[in-house]
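Colleague: Please see the structure below; I have some questions.
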Amino acid sequence: MAVAPVPLWAVCVLRVALATVYFQEEFLDGERWRNRWVQSTNDSQFGHFRLSSGKFYGHKEKDKGLQTTQNGRFYAISARFKPFSNKGKTLVVQYTVKHEQKMDCGGGYVKIFPADVDQKNLNGKSQYYIMFGPDICGFDFKKVHVILHFKNQYHSNKKSIRCKVDGFTHLYALVLRPDLTYEVKIDGQSIESGDIEYDWNLTSLKKMEKSSAESKDWDQAKDDKSQDWEKHFLDASASKPSDWNSELDRDWQAPMLQKPPYQDGLKPEGIDKDVWLHQKLKNTHYLTEYDLSEFENIGAIGLELWQVRSGTIFDNFLITDDEEYAENFGKATWGETKGPEREMDAIQAKEEVKKAREEDEEELLMGKFGGHDKGFQRFHRRDEF
């Protein structure tokens with residue numbers, strides 16, 4: 001009997017049903033975002049956020065996000081969600097960021113916090129699990145941070161990952177997998193990936209515990225073997241002399257046929273350590289458990305950063321365990337508005353050039369000179385430098 005093919009929409013619905021979405025924020029309900037996000041009051045000088053789609057956008061409502069509003073300020077704001085553990089699961093952290101103000105020095109990254117973070121007192125000393133996203137300062141420092149909290153310390157990826165530096169909206173995504181691999185994506189494209197242990201110069205706690213246990217087992221086996229080691233070199237044909245007095249001469253032992261090797265460092269006879277460990281692992285069905293990218297009490301996401309020049313817009317936050325869901329979410333948000341955003345910018349740029357020329361002509365007619373470079377300022381604002 002023929003089986004009817006499953007329609008595409010049903011596959012998509014199933015995929016969404018299988019994904020676990022821990023947090024998703026698009027700011028589509030106007031000022032109600034203030035009920036979900038908590039501004040830190042730790043410092044009265046912290047900068048404030050407003051909801052804005054900026055001076056140019058792909059969709060006025062869909063592109064609205066949290067925008068920094070004050071120059072030369074620290075910012076600290078966060079949103080809480082139901083706590084969860086990503087142990088044994090993939091973790092995807094994704095969001096969009098737009099530096100329409102031509103970022104000269106400041107952060108555009110997010111932080112993932114434990115559920116017990118004090119939101120009202122959020123500051124630079126607040127413990128976090130993950131710090132991810134772009135950071136720009138001057139012409140030399142333009143990188144994507146990927147910092148993980150491990151063994152009560154913060155560890156940065158040793159690779160240099162370059163961020164986007166233009167004024168358009170970009171989609172950033174970090175994927176941490178339970179097999180200790182990771183991937184960093186910008187605008188849906190993989191720009192860096194690899195092994196967490198290698199790229200952070202770290203070793204999993206579980207691996208260290210395993211190594212320690214194996215070492216103890218090896219030492220015990222070595223001790224057990226050493227007790228009988230010399231027996232392998234005794235003369236089996238020898239017999240105890242008839243006049244041997246065990247009380248006076250101690251227990252008799254057959255003479256050695258040769259000096260045993262490894263006298264100063266005995267090991268299990270005929271078994272190489274690596275082979276012995278392999279057999280032990282095989283026989284006990286040892287399963288490695290990783291903990292480098294595992295966080296037991298994830299419960300908040302926040303922006304805790306410094307900006308010299310304000311105007312950055314953060315939007316389309318997502319935390320999930322499903323890479324495909326994150327990819328589709330990115331396409332449905334940033335993917336739908338990135339094109340129209342650039343089109344609006346191009347139109348505004350042409351209008352500004354036209355306006356600048358008209359102003360120049362007017363000044364020339366009035367006998368004044370200057371302002372010839374006004375028409376080019378718009379381009380330098382958003383193009384990469």
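The backbone N, Cα and C atoms fix where each Cβ goes, glycine too.
Not measured: the values here are computed from a predicted model.
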Colleague: Going by TrEMBL, tell me which one of Cys12, Cys105 is disulfide-bonded to Cys137.
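Modeller: So the cysteine that TrEMBL bonds to Cys137 would be Cys105.
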Colleague: In whole Å, how far is Tyr128 (alpha-D-glucoside binding site) from Cys137 (disulfide bond) when you measure between their Cα atoms?
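Modeller: Rounded to the nearest whole number, the Cα-Cα distance is 23 Å.
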Colleague: Of Lys111, Asp135, Glu304, which binding-site residues are close to Cys105 (disulfide bond), meaning a Cα within 10 Å of its Cα?
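Modeller: Taking Lys111, Asp135, Glu304 one by one, the ones whose Cα falls within 10 Å of Cys105 (disulfide bond) are Asp135.
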